[in-house]
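S.K.: Reproduced below are the annotations present in TrEMBL:
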{"type": "TRANSMEM", "residues": "18-37", "note": "transmembrane segment"}
{"type": "TRANSMEM", "residues": "43-62", "note": "transmembrane segment"}
{"type": "TRANSMEM", "residues": "83-107", "note": "transmembrane segment"}
{"type": "TRANSMEM", "residues": "119-143", "note": "transmembrane segment"}
{"type": "TRANSMEM", "residues": "155-174", "note": "transmembrane segment"}
{"type": "TRANSMEM", "residues": "180-202", "note": "transmembrane segment"}
{"type": "TRANSMEM", "residues": "305-333", "note": "transmembrane segment"}
{"type": "TRANSMEM", "residues": "353-377", "note": "transmembrane segment"}
{"type": "TRANSMEM", "residues": "389-406", "note": "transmembrane segment"}
{"type": "TRANSMEM", "residues": "412-433", "note": "transmembrane segment"}
{"type": "TRANSMEM", "residues": "453-472", "note": "transmembrane segment"}
{"type": "TRANSMEM", "residues": "478-501", "note": "transmembrane segment"}
Amino acid sequence: MGSQEVLGQAARLASSGLLLQVLFRLITFVLNAFILRFLSKEIVGVVNVRLTLLYSTTLFLAREAFRRACLSGSTQRDWSQTLNLLWLTAPLGVFWSLFLGWVWLQLLEVPDPNVAPHYAAGVVLFGLSAVVELLGEPFWFLAQAHMFVKLKVTAESLSVILKSVLTVFLVLWLPHWGLYIFSLAQLFYTTVLVLCYVIYFTKLLGSPESTKLQTLPVSRISDLLPNITRNGAFINWKEAKLTWSFFKQSFLKQILTEGVYDIVNNLGSLVARLIFQPIEESFYVFFAKVLEREKDATLQKQEDIAVAAAVLEFLLKLALLSGLTITVFGFTYSQLALDIYGGAMLSSGSGPVLLRSYCLYVLLLAINGVTECFTFAAMSKEEVDRYNFVMLALSSSFLALSYLLTRWCGSVGFILANCFNMGIRITQSLCFIHRYYRRSPHRPLAGLRLSPVLLGAFALSGMVTAVSEVFLCCEQGWPARLAHIALGAFCLGATLGTAFLTETKLVHFLRTQLGVPRRTDKTT
């Protein structure tokens, strides 16, 4: 498979991931609005914060390192060893769900049973749902490695829709079940998700059509199960060591970046999750397939190196433009967003300052997502270990800075400390990218340079909307608010129009990768 074909598939994967995120957020928003009519906000809060955090943390610690290590492997690998390694995520998930479940029940404050009944059962069932999802990891990996886009869209969409239907049914008919409702719905979601992948590959590998799929490394469903390979080795120890390096990195990242208050975090990171996460996940697969670890850029296929450099440049440009747009317009529309979302209780306090600070953090988050996406796909195991050592050395300074800034600036200080941490990570990645391409004619870091005209458009839009906020928001009534929104929409349109005219290469890249219809493959 050529680098251009891999690029096309990665772009399709990113666009489908973006659409899925929009669908999930819309369903979640509508579902929460419906549930709050029948259940208390305390129950919904426990689910959205406590139990969801338990579930996501278990999955992150159990599988993130395995995904990064295994997706970056060569196609000329022993797939049985890779699949065996991925099966280890399940027992690791059991360990983390038990340990974190104990922390949630014994060390953290337990909600009032009268307010949020069946909390202990919820902890157990959310932990179990994480383990069930990990049982499908080898099937997910095979689909992701071969970019089966339609399978991912179908499986995740069907799972979310059926989960929502079950939640609504239980809320209407058995509202006294409390946290049982969401726990059973979550377990049902992960079960359906895993079954979609299992049933798909069972049918695919059992049909005559599968003989035509020369790219698949397995020929029957039993090949996906744990087994001893011909050379007697259960796993590839090189992949296992790389997994351990990525695990140390993931663990540190989870500790160093967790935080920021509930509502502000949800509003501020919404665009980051919608746009940047699908791009980072999909193009990590692209870079991992195109680049070879342990090899200098001059020793690899130059066509692949050139394509990777061009894609990295365009992704950096896209991340910078998206982040700047959020930062510039987020600064002047934070108060209005909070006022619409929660009324004067949110917009008159420290909420606007928090959200404005978080807009700056989103800019750094966008750039960091792209730079680390490339860096972790290209780094050797030794370089990953060195990166981990630097992060460990910085962790103490991050914690000290968080303590000092929080004392001086309150909750804003914690966001600023996270900005500092993100800036350090970006600097490390930029240094690696510069070293990686210094002996080649390619300069992907040029993606971080914008034209003076476009920068002027951003600056002018920021000033105009700042003046508009002073005179039109938010105590002048809805006519003034609508005028403020209209002026912001005009400035946003003018800024995006300027970007369209000045960043012609980026526009061409987006058109060719996302706008041109492609022949659909039956396997996807």
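Cβ coordinates come from backbone N, Cα and C, glycine included.
TrEMBL annotations: computationally assigned, not manually curated.
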S.K.: Same-chain Cβ contacts of the transmembrane segment (43-62) under 8 Å, 6 or more residues past its ends?
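M.R.: Same-chain contacts beyond the flanks: 32, 35-36, 89, 92-93, 96-97, 100-101, 104, 108, 111, 115-116, 119, 122-123, 126-127, 129-131, 133-134, 178-179, 182-183, 186, 247, 250-251, 254, 262.
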S.K.: Should the transmembrane segment (180-202) and the transmembrane segment (119-143) be scored as in contact, given a threshold of at least 3 Cβ pairs under 8 Å and pairs 6 or more apart?
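M.R.: Yes, these stretches are in contact.
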S.K.: Which sequence positions outside the transmembrane segment (119-143), separated from its termini by at least 6 residues, show Cβ-Cβ distances below 8 Å to it?
M.R.: 46-47, 51-52, 54-55, 58-59, 62-63, 66-67, 70-71, 82-83, 86-87, 89-90, 92-94, 96-98, 100-101, 104-105, 110-111, 113, 151-152, 179-180, 182-184, 186-187, 189-191, 193-194, 197-198, 200-201, 216-218, 224
S.K.: Any residues 6+ beyond the ends of the transmembrane segment (412-433) with a Cβ under 8 Å from its own?
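M.R.: Same-chain contacts beyond the ends: 256-257, 259-260, 312, 350, 353-354, 357-358, 360-361, 364-365, 367-368, 371-372, 374-375, 378-379, 383, 387, 390-391, 394, 398, 401-402, 404-406, 444-445.
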